């Protein structure tokens, strides 16, 4: 049996009462008594446990005492039913009286808890045992309820709403859990100024993502705690509203609005003591709106206008425009505070302020040069994000990487471990051998193993010692930080004795320990070769930038410097002749990697001019293969596809309102994903002249704005354009160097006739490719044969051509007008097809060497090398 009329109770209170018969049955009791209700309330983990915690009681102790009392009651083995006991009946009557005292409409959990104070059967004794008086209980209930009344059947969601749906930033600042905020004084001062107004005292922080809007609110919280604010803001609480928690779990219509109203009521009832901070304030507009329902923004409006609610908002420029500007009534209630991206110098100061926090967290040191590098390199190479966020991320990731290296086994030790494993496997197999040579080898191996194991244990001991000291340093630094926070708290509370005791006692001792640990680490590192690095340097930051963007930022390693010095030779392995073109491209790369290129323009921009088939596109491919080890790093755009005026939208993206607007452009998307690339615009004369207007910004400033309004950075690209314009003039003077300048002028005239001067004027160099000579064609034959050889290597077939065969192919494939392409066709016809047929006939097998020569009939002959050897 249960008490009647659930409509008198709130949902949670009725759920607790409805659970009591089950608990009584489990305990084999026939009567429902007050102890069963207490057990039910404690099982809920809801308001009852909150009240006891607020009153300073141990919930677990109350649970244990309740269970103990229940277990002592007489049991009935098979109770036919359960009946309402006297104690519970009286308790419910007292709860009804408590409801009337509080002026509520329903009996709630707190009324039931309060009724236990007068319960003669169980409650009084329980509260005596745990030392809880009715007065303390009432105070705890009052603190949780605040000024809320029970006006519906689900009031618990509205109690201590700010505690549930907000983070107290001032409390976090007192505990030292917020990162220090450096600079931003003007913005914080403006926020304080707006908050001090009589009406419309609501600043909204607007700025790009990552510039530090939330940090300004945290900075204000720190100032409030440090009492570095005007009297109007002294001892105020700054609470960040968690919109996610507010919306989460609001199942019924109107539940979200009720929660928000409860939060706003607490704020207004505090008479200006509480300042609300809503991060991502645009989420408030439209939040909780269903058909015909008010959204959260409309609930805020009246209070914002009257000055009852002091609220700081933060949102990005785009979202402010999209959501808040559309709602003019909401917009006028907020005063805008623009937060700009800090300069590189300011970012360095911010990083210096945060340095200690990151050092303590990761347990590594961060050098000042690393901080400067993080600010300068991120500003230069990461264009789609904002300072200081991107610089802080760099430092954080570099420190995390170093910490990971410290905790994992050093490379030297790892190599020795592998070597020992290898030798032990060899020893096992040698032990089974009986020959004298095997025994000698075994003896030698045993000696080698003993030496290696000795070295292994020495390195292991050193690694553990270094790691131990580094960990100790981290724990001492953490201790120092805790003591510093305690000192600040003592000074704020004017407990100067405690502050002095900590400052001149504990802190001095910790600094002494820190100095000792640092000296010990230096001793280990200087005495023996150091296995671990414990400091983040400029090189670490450069490495992280390279991982993020693919741009080689790190200082040149000697091997890479040598590789760059021989860049021309590398390119000539693929591109025959064309010395001017190859050296111009090589010099541009050398300038860039040595750090002498103009940082505000592309690395280099070229127009390759010349007849077809002389190596213009091949040079671009060779360059991409050299720089990125793959030809696929070449962003190739065939300009013959851009013959119409409107085709430019394919490069930078379709304008708003057109199909494909969200997809971005072929060129801009490729460079956003891979900012360090070789961009090849093939056959530029085929494109519509208006398409080249896009190139003006790319070539001059190294950037272009796509259809979405994003700036795409071309400063780390090499731009190569190829064209056949004027190729007839180049062919006319083939092999005649004396007429070169005349030919160059005529080609440039043809270019000027076709392209606009403002486009041509922005290109770094015009490089003319000459038509190929016969001796160069022989080299190309050898290159093409090498490629064919690679394809045959899968079948282990080797290809060998005599000098006569090479001359024959060069002669057949020579055509000055078409360059090297006819040669490719000749090799296909004269060499590849006959070999393919011979393999299919079974003339050649895997592992054969095919000798290619010119037969008496002036055609290529094919035979096995082995046959030749036996003749």
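Heads up, the Cβ atoms here are built off N, Cα and C, so glycines get one too.
Features as listed in Swiss-Prot:
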| type | residues | note |
| --- | --- | --- |
| DOMAIN | 6-147 | domain 'Clp R' |
| REGION | 9-73 | region 'Repeat 1' |
| REGION | 84-147 | region 'Repeat 2' |
| REGION | 160-341 | region 'NBD1' |
| BINDING | 207, 208, 209, 210, 211, 212, 213, 214 | ATP 1 binding site |
| REGION | 342-550 | region 'Linker' |
| REGION | 560-771 | region 'NBD2' |
| BINDING | 610, 611, 612, 613, 614, 615, 616, 617 | ATP 2 binding site |
| REGION | 772-871 | region 'C-terminal' |
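Sequence features annotated in Swiss-Prot and their locations in the structure.
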residue : record             : DSSP (3 states)
208     : ATP 1 binding site : coil
213     : ATP 1 binding site : helix
610     : ATP 2 binding site : coil
615     : ATP 2 binding site : coil
Fill in the blank from the handout: Rounded Cα distance, in Å, between residue 612 (ATP 2 binding site) and residue 213 (ATP 1 binding site) is 57
Completion exercise
Lowest 10 Å Cβ neighbour count of the binding-site residues 211, 614 is held by 211
Fill in the blank from the handout: Between the binding-site residues 209, 615, the one whose Cβ has the fewest other Cβ atoms within 10 Å is 209
Practice task
Could you round the CA separation between residue 613 (ATP 2 binding site) and residue 208 (ATP 1 binding site) to a whole angstrom and send it over?
Solution key: 49
Practice task
Please list residues from the chain of residue 616 (ATP 2 binding site) whose Cβ is under 8 angstroms from its Cβ, counting only those at least six apart in sequence.
Solution key: 608, 610, 722, 769
Practice task
Restricting to the region 'NBD1' (160-341), report the mean pLDDT as a whole number.
Solution key: 81
Exercise for the section: For the domain 'Clp R' (6-147), give the DSSP counts of helix residues, strand residues and coil residues. Expected result: 98 helix, 6 strand, 38 coil
Exercise for the section: Work out how many Å separate residue 611 (ATP 2 binding site) and residue 208 (ATP 1 binding site) at their Cα atoms, rounded off. Expected result: 50
Handout entry: Cα-to-Cα gap, residue 207 (ATP 1 binding site) vs residue 615 (ATP 2 binding site), nearest whole Å
Key = 50
Fill in the blank from the handout: residue 614 (ATP 2 binding site) to residue 211 (ATP 1 binding site), Cα to Cα, whole Å, comes out at 51
Completion exercise
Other than 207, 208, 209, 210, 211, 212, 213, 214, the chain contributes near ATP 1 (Cβ within 8 Å of their centroid) the residues 215, 316, 339, 386, 389
Completion exercise
residue 617 (ATP 2 binding site), Cβ-centred 10 Å count of other Cβ atoms over all protein chains shown, is 18
Practice task
Counting other Cβ atoms within 10 Å, pick out the least crowded of the binding-site residues 212, 611.
Solution key: 611
Problem - Cβ packing number for residue 213 (ATP 1 binding site), 10 Å threshold - result: 24
Handout entry: For residue 214 (ATP 1 binding site), nearby residues of its own chain (Cβ under 8 Å, 6 or more apart in sequence)
Key = 279, 314
Handout entry: Other C-beta atoms that fall within 10 angstroms of the C-beta of residue 210 (ATP 1 binding site)
Key = 17
